[in-house]
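K.L.:
Feature table excerpt (Swiss-Prot):
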{"type": "ACT_SITE", "residues": "175", "note": "active site"}
{"type": "BINDING", "residues": "131, 174, 178", "note": "Fe cation binding site"}
């Protein structure tokens, strides 16, 4: 039984046991493009990946399943070497603690996503990045593009082109790196981890 066959079973909920860790060769492989029209198996896998992210961000389900909270998941992280990523970025509460009008600033499963253009300006998260496939803290600025234009297909086989900036751009770049065999710490300057080149945007 392939990893995907196990993951898409109706009763299966993706948990931390399904997520492979650094050292596994799947994380360093360039994943294969999915074919269109999408197979039911690839659609279900995308839905399961999104379900995992929602569970991971839910305090009750997260604790029940022992999940680390995540905002993105790429198919290679669950040992399926395909170009599929899921992104779920929640909007914050307002200054008075009221819930946001829109729960998520980005909620999408992207098939065969690719960056078609990007800004000259770089950006990095002030607190660095983490990864569900990396069980250790790696400090430093993960240098990325401040703005990107991404093309992808959705589960209905429809093509989209979106412009992203800020945190959403960072998350999508992190996940696209996964389908290209790149891990976040590859983008940290090993000699000077917190080097900020002139003009680089540091996102708090």
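Keep in mind that glycine also has a Cβ here, set from the backbone N, Cα and C atoms.
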K.L.:
Tell me which residues of the chain lie with their Cβ under 8 angstroms from that of residue 131 (Fe cation binding site), as long as they are six or more apart in sequence?
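P.N.:
Same-chain residues close to residue 131 (Fe cation binding site) (Cβ under 8 Å, separated by 6 or more) are 174, 183, 184.
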K.L.:
Can you count the other CB atoms that lie within 10 A of the CB of residue 174 (Fe cation binding site)?
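P.N.:
I count 24 other Cβ atoms within 10 Å of it.
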K.L.:
Can you name the residues of this chain that are 6 or more positions from the residue listed as 'active site' yet have a C-beta less than 8 Å from its C-beta?
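P.N.:
Residues satisfying the criterion: 72, 73, 74, 85, 86, 87, 110, 113.
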K.L.:
Suppose we draw a 10 Å sphere around the Cβ of residue 178 (Fe cation binding site). How many other Cβ atoms does it contain, all chains included?
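P.N.:
Residue 178 (Fe cation binding site) is surrounded by 23 other Cβ atoms within 10 Å.
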K.L.:
If you take the centroid of the Cβ atoms of 131, 174, 178, the listed Fe cation site, which other residues of that chain have their Cβ within 8 Å of it?
P.N.:
72, 74, 77, 129, 132, 133, 175, 177, 183, 184
K.L.:
Taking DSSP three-state, what's residue 131 (Fe cation binding site) in: helix, strand or coil?
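P.N.:
SS state of residue 131 (Fe cation binding site) = strand.
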